[in-house]
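The block underneath contains the structure these notes are about, expressed in structure tokens.
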């Protein structure tokens, strides 16, 4: 039973890394700076509920932010998100 649980955890971690790592690589500029608008949505580590906005690659979308952690693809308003991330 313990081995199955461990293998399941390893599999889950592997899948998360396969999804997250390429997204982080593609968010990097040639000079090493990170384009925050290309980072994936990240609700953070806490359990509070703040309605925020992130850029999903084509539009600004609402999500619930936990209040701590996460990444910089997080904006207090749709307008702030669009101003930073929408390409004219």
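Backbone N, Cα and C atoms are what each Cβ position is placed from, and that goes for glycine too.
Per Swiss-Prot, the features are as follows:
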- 1-27: signal peptide (SIGNAL)
- 37-85: domain 'BPTI/Kunitz inhibitor' (DOMAIN)
- 37-85: disulfide bond (DISULFID)
- 60-81: disulfide bond (DISULFID)
Cα-to-Cα gap, residue 81 (disulfide bond) vs residue 37 (disulfide bond), nearest whole Å: 9
PLDDT averaged over every residue in the domain 'BPTI/Kunitz inhibitor' (37-85): 95
According to DSSP, folded down to helix, strand and coil, what is residue 60 (disulfide bond)? strand
If you count other CB atoms within 10 A of each CB, which of 37, 60, 81 wins among these disulfide-bonded residues? 81
Same-chain residues at least 6 apart in sequence with Cβ under 8 Å of the Cβ of residue 85 (disulfide bond), in sequence order, are 36, 37, 55, 60, 73
